[in-house]
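Colleague: Pasting the feature list from Swiss-Prot:
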- Glu133: active site, proton donor (ACT_SITE)
- Cys12, Cys103, Cys198: [4Fe-4S] cluster binding site (BINDING)
- His43, His81, His131, Ser226, Asn228, Ser271: isopentenyl diphosphate binding site (BINDING)
- His43, His81, His131, Thr170, Ser226, Asn228, Ser271: (2E)-4-hydroxy-3-methylbut-2-enyl diphosphate binding site (BINDING)
- His43, His81, His131, Ser226, Asn228, Ser271: dimethylallyl diphosphate binding site (BINDING)
Amino acid sequence: MDVIKISPRGYCYGVVDAMVIAKNASLDKSLPRPIYILGMIVHNKHVTDAFEEEGIFTLDGSNRLDILKQVDKGTVIFTAHGVSPEVRRIAEEKGLVAIDATCPDVTKTHNLILEMKEKGYHVIYIGKKGHPEPEGAVGVAPEIVHLVETEEDVKNLDIQSEKLIVTNQTTMSQWDVHDIMELVKEKYPHVEYHQEICLATQVRQEAVSEQAKKADLTIVVGDPKSNNSNRLAQVSEEIAGTKAYRIGDLSELKLEWLKGVNTVAVTAGASTPTPITKEVIRFLEQFDHEDPSTWTTEHNIPLKKILPKVKAKN
């Protein structure tokens, strides 16, 4: 089968940095144990499973404050998605060692919100409800940040302020953000724009929007909780016009999707381990509709191959 390996795809620098920070923590014998990650360090189950083998445990829950209630001692790692100042304060009050793996692009948004608060602004924040990144951003200044996800959310806004700015979650579809921003502009003509789609997300979406047009089908390799992975599938269908499926790894690929398909495009979310994506590509390249011996969708990547290699500190 012909395979279009969409480029760029896969890991972004924020994800790699977060994983290296957590991996270094696992090797640092001076850190108090146990070591916990507040939520998924990045949204990929293969990564969290690999860290568990390294002795770092992922705690999950509805929000970061609830997760933090589960921890009474040891070390906590804040994920790439960022956390609110309240989470940081409570971790300190509990006497926990805190390690910050927040993506620099997310930190930039937090700093923008703080700056706008000091200037007397209200902030309309476009993001996915229930996702940890908006949770942290809203938590920076909950009294002035208004989270919107849908057209209905914009209609329900009631902000009485001449100082108003609109920004967004870094991993949203740039087309979705544009549409919501236009609705906000209609309602509040005086609003200022500050689009925060991170460059890695933007170039991956643009690559899919162009390169997937040449394919009969797009496979996005990414975790179901990965917002940027889900958005890549959306971009393939809505912008490139190519049917797309998201899979966590090769074992989730269904052969019936490949019926009548001659060319398939493959991309991966920013939190998807490269070996997982390569395994999918290898399978598709050798796949033959007429040869059942090429039809086995068995995932065989060991967890020890998932995490980046770092040197132990002396």
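Positions of Cβ are set from backbone N, Cα and C atoms, glycine also.
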Colleague: Just to verify a number: CA distance, Ser271 (isopentenyl diphosphate binding site) to Thr170 ((2E)-4-hydroxy-3-methylbut-2-enyl diphosphate binding site), in angstrom, no decimals.
Modeller: 14
Colleague: Can you give me the Cα-Cα distance between Asn228 (isopentenyl diphosphate binding site) and Thr170 ((2E)-4-hydroxy-3-methylbut-2-enyl diphosphate binding site) in Å, rounded to a whole number?
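Modeller: If we compare the Cα positions of Asn228 (isopentenyl diphosphate binding site) and Thr170 ((2E)-4-hydroxy-3-methylbut-2-enyl diphosphate binding site), the gap is 9 Å.
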Colleague: Check the Cα-Cα distances from Glu133 (active site, proton donor) to the binding-site residues Cys12, His43, His81, Cys103, Ser226 and tell me which is shortest.
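Modeller: Considering only the listed binding-site residues, the nearest one is His81.
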Colleague: What binding-site residues among His43, His131, Ser226 are found with a C-alpha within 10 angstroms of that of Cys103 ([4Fe-4S] cluster binding site)?
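Modeller: Those close enough: none at all.
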Colleague: With the isopentenyl diphosphate site defined by His43, His81, His131, Ser226, Asn228, Ser271, which remaining residues of that chain have Cβ atoms positioned within 8 Å of the Cβ centroid?
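Modeller: Going along the sequence, the neighbours come out as Met40, Val42, Ala80, Glu133, Thr171, Asp223, Lys225, Asn227, Ser229, Gly269, Ala270.
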Colleague: Run through the Cβ atoms and count how many others sit within 10 Å of the one on Asn228 (isopentenyl diphosphate binding site).
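Modeller: Result for Asn228 (isopentenyl diphosphate binding site): 26 other Cβ atoms within 10 Å.
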Colleague: Here are the binding-site residues: Thr170, Ser226, Ser271. Which has the lowest count of other Cβ atoms within 10 Å?
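Modeller: Counting other Cβ atoms within 10 Å of each of the binding-site residues Thr170, Ser226, Ser271 gives the minimum at Ser226.
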Colleague: List the Cα distance (Å, whole number) between Cys12 ([4Fe-4S] cluster binding site) and His81 (isopentenyl diphosphate binding site).
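Modeller: So the Cα of His81 (isopentenyl diphosphate binding site) lies 13 Å away from that of Cys12 ([4Fe-4S] cluster binding site).
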Colleague: How big is the Cα-to-Cα gap, in Å, between His81 (isopentenyl diphosphate binding site) and Cys198 ([4Fe-4S] cluster binding site)?
Modeller: 12
